[in-house]
Amino acid sequence: MGELRFKHLFWGSFVESGGTFQTVLIFLLIPCSLTVDYRAAPILSNTTFLWIWNVPTERCVGNVNDPIDLSFFSLIGSPRKTATGQPVTLFYVDRLGLYPHIDANQAEHYGGIPQRGDYQAHLRKAKTDIEHYIPDDKLGLAIIDWEEWRPTWLRNWKPKDNYRNKSIELVQSTNPGLSITEATQKAIQQFEEAGRKFMEGTLHLGKFLRPNQLWGYYLFPDCYNNKFQDPKYDGQCPAVEKKRNDNLKWLWKASTGLYPSVYLKKDLKSNRQATLYVRYRVVEAIRVSKVGNASDPVPIFVYIRLVFTDRTSEYLLEDDLVNTIGEIVALGTSGIIIWDAMSLAQRAAGCPILHKYMQTTLNPYIVNVTLAAKMCSQTLCNEKGMCSRRKESSDVYLHLNPSHFDIMLTETGKYEVLGNPRVGDLEYFSEHFKCSCFSRMTCKETSDVKNVQDVNVCVGDNVCIKAKVEPNPAFYLLPGKSLLFMTTLGHVLYHLPQDIFVFPRKTLVSTP
């Protein structure tokens with residue numbers, strides 16, 4: 001196998017519409033942030049951004065012909081029911097306690113609705129299940145996947161409205177004299193109180209038994225910004241849904257991890273709507289993470305899939321990775337969980353296809369975005385915080401500059417990064433990103449990145465950028481008189497095309 005070179009052209013616009021001189025002078029004008037923005041501290045040392053693998057690919061790992069390279073993933077766990085003692089534990093409905101719910105065939109389990117559930121029996125069974133699936137209290141993620149009903153009454157729309165109907169019927173059976181309006185109001189109160197009791201109590205039990213696990217619910221928070229058919233779709237979370245999330249303050253305060261999802265359907269393939277959809281779901285998760293304590297937010301781990309939910313044989317393209325992974329990293333979260341069903345590795349030729357996709361598409365992008373994020377964190381935050389967009393709505397990403405860096409896949413199957421950072425790369429970070437300090441750390445944003453001399457960042461199995469920061473090409477003029485130098489520089493910049501630093505968002509893979 002020869003070497004493969006991945007020329008990542010994801011970097012986005014370096015020069016904006018304000019004029020080329022703005023690029024030269026803006027870094028002298030940017031003030032230090034007057035307010036501190038916080039993010040959750042890393043759960044693993046030297047790991048600004050955490051990659052988590054939650055796909056049942058055991059049969060692919062170690063396969064001599066088509067090994068799956070998981071060296072970039074710090075936490076690996078299978079969602080199989082037989083898997084125990086993993087750093088990532090996913091509790092489905094049948095794996096944690098006696099969760100009251102109604103199945104797709106309308107059969108009621110453990111009371112059906114939470115008001116009829118046996119809470120104490122649920123806790124006893126949940127204790128046994130937690131001790132079974134997490135036998136030791138080691139650091140890890142504990143995600144509860146309860147999707148049958150939602151704790152907010154009004155969010156139980158069709159087909160979940162059977163929970164509302166049965167709740168009203170329960171009230172009417174014990175209070176026949178109530179009007180439908182009165183019965184509905186009482187049903188809302190009973191349902192939401194019982195739902196909260198089950199969800200909040202289960203979190204408290206988990207934290208008591210396994211305090212080193214980060215406990216939370218899959219799909220929480222959500223903001224239902226999925227009306228893609230609206231011609232005015234802008235991705236923003238509806239105000240009413242943000243208000244409903246505010247009313248779930250008890251849930252955010254009880255959670256030690258937040259696990260929103262940004263799975264894509266085929267209609268969002270290489271689509272601007274996907275960018276907006278992911279962006280504002282993550283923005284809402286960041287907002288919610290600070291409800292309990294703005295200076296000590298809850299860590300956010302965003303669920304993604306490598307395939308489209310309604311076309312599971314089709315993998316995400318490079319643009320789709322930017323729309324998901326690129327957005328998540330640029331906004332400043334704790335990590336990404338890649339999940340999928342057993343079919344991903346069990347289809348005919350599933351392992352070879354997954355292996356090739358990871359080798360040529362996913363892993364090179366992980367190398368790219370992780371090293372860029374670490375470089376930015378090291379430059380702006382002295383590794384005491386993570387970089388996040390100054391303006392959340394801007395289309396800027398934490399990517400290596402394709403003019404200066406190549407990512408190579410060597411004959412040994414390892415990745416190597418060629419190239420050195422330049423001052424302009426660091427200035428790009430400083431212009432478009434701010435330092436969001438890690439909680440419980442004293443953090444001050446670097447005011448002048450021109451003073452940064454070295455970059456030393458690594459990812460995975462020793463894939464690193466360790467280099468001196470090179471000056472921008474213009475500085476090689478070494479002017480004898482500053483006025484002559486600035487006149488010459490201004491003349492050169494004036495005649496440069498406005499899009500000189502605008503790169504297409506595609507990846508070129510070539511064999512030298």
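Glycine is no exception: its Cβ is also placed from the backbone N, Cα and C atoms.
Note: Swiss-Prot links CYS60 through a disulfide bond to CYS351 (candidates: CYS223, CYS237, CYS351).
Which of CYS387, CYS435 pairs with CYS376 is settled by Swiss-Prot: its disulfide partner is CYS387. Between CYS237 and the candidates CYS223, CYS381, Swiss-Prot records a disulfide bond only with CYS223. The disulfide bond recorded by Swiss-Prot for CYS435 reaches one of CYS32, CYS381; that cysteine is CYS381.
Annotated pair CYS464 (disulfide bond) and ASN368 (N-linked glycosylation site), C-alpha to C-alpha distance, rounded: 11 Å. In terms of C-alpha distance, the listed recorded positions ASN165, CYS223, CYS351, ASN368, CYS437 place CYS223 closest to GLU147 (active site, proton donor). Under 8 Å, Cβ to Cβ, and six or more positions away along its own chain, CYS237 (disulfide bond) finds CYS223, TYR224, ASN225, TYR280, ARG281, VAL283, GLU284. Residue environment of ASN293 (N-linked glycosylation site) contains 12 other Cβ atoms, counted within 10 Å of its Cβ in all protein chains. Each of the glycosylation sites ASN46, ASN165, ASN368 was scored by the other Cβ atoms within 10 Å of its Cβ; the lowest score goes to ASN46. Classification of ASN293 (N-linked glycosylation site) by DSSP places it in coil, neither helical nor stranded.
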